[in-house]
Amino acid sequence: MSQSDLHQQKFHWQGRHDAEDGKLGQRIHHVVKHQKTSELEKASQGVSILGFATDAGVARNKGRIGAKKAPDLIRRALANLAWHKDAPLYDLGTVVCDDDLLEESQSRCANLISEALPHTPTIVLGGGHEIAWASFSGLAEYFKTHHPEKKPKIGIINFDAHFDLRAFESSLADVKPSSGTPFNQIHHFCQRNDWAFHYACLGVSRSSNTQALFQKADELNVWYVEDSQLNYLNHSYHLTQLQHFIDDCDYLYLTIDLDVFPAATAPGVSAPAARGVSYDTIAPFLERILHYKNKLMLADIAEYNPNYDVDSQTARLAARLCWDIANAMADKEHKRQPIK
């Protein structure tokens, strides 16, 4: 593992300062603290933010690279947002994937997540959606270390135009783990460890997923809602389904691929959506998930690609999503809920 795999240069948080407002004028950049995971035990209750600078998985998936530059640009958009909570935020730095060393950097990212979770809920800023395998691996490592006797029921909720259930190993083709494979990798992990696989994909596009992927989703009993079905007429029904999904799980892992939003809202992604799902449409589902903050241990935001952004609007969208999640996590009970 090279020295470059973790940023030695810390992100410099800065932004507007309204001295006349005192503490009531605080913004994210005022409260965030650089912290090592080894120091979190001494820290007060808060929320950790970790960057994962990677687009190696996107390249392997034949996508448009650029997401590697995303974490610090999301931080920059996040810095000036107002912060109304007493809970601090901790910046754990950024894991960097160089030279297609995806598996090694995913392992490093997972280790940091597993070290942070005993003390704080964590938000990971990607990076391509290969970050999802690192995120779940860190969550799994946390449970195996701290609750080895239990098999946690983890609900994975993915807002995404794609299932990301592609094969990551095959005798018929030369395939590798990529941004298109993480939830298939997670399924294989759950199968090997006799854990239940609870996966929901909301906003999936029929035009962007082949019959093979829909068949795979059906085989794995994935609960999915297509982009064309996510509308105000169907809100009540799908929110009820989401409630059942949440009720069936002890813990939640939320992952948001920014390509679920329309290209007009999120142009800065590898695979922009011609249709997509509006933020207003997704908001009630996100609010329902965040209501269960004591189940929500981990979240990540994936696929921001600054190479194709317009006036940083996708960065601001990612930052607002991070802000929404952090606000909910900041009110989380500090003591971990027991596994049922």
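The backbone N, Cα and C atoms fix where each Cβ goes, and this holds for glycine too.
In the three-state DSSP scheme, Asp160 (Mn(2+) 1 binding site) is classed as coil. Close to Asp160 (Mn(2+) 1 binding site) in the fold, though at least 6 residues off in sequence, lie His129, Cys201, Leu202, Gly203, Val204, Thr255, Ile256, Asp257, Asp259, Val260, each with a CB less than 8 Å from its CB. As annotated by Swiss-Prot, Mn(2+) 1 binding site applies to His129, Asp160, Asp164, Asp257, with the evidence given as sequence analysis.
Of all Cβ atoms in the shown protein chains, 29 besides its own fall within 10 Å of the Cβ of Asp259 (Mn(2+) 2 binding site). As annotated by Swiss-Prot, Mn(2+) 2 binding site applies to Asp160, His162, Asp257, Asp259.
Scoring each of the binding-site residues (His129, His162) by how many neighbouring Cβ atoms lie within 10 Å, the top position goes to His129. Same-chain residues at least 6 positions away in sequence with a Cβ under 8 Å from that of Asp164 (Mn(2+) 1 binding site) are, in sequence order, His129, Ala132, Asn158, Ser179, Gly180, Thr181, Pro182, Phe183, Asn184, Asp257.
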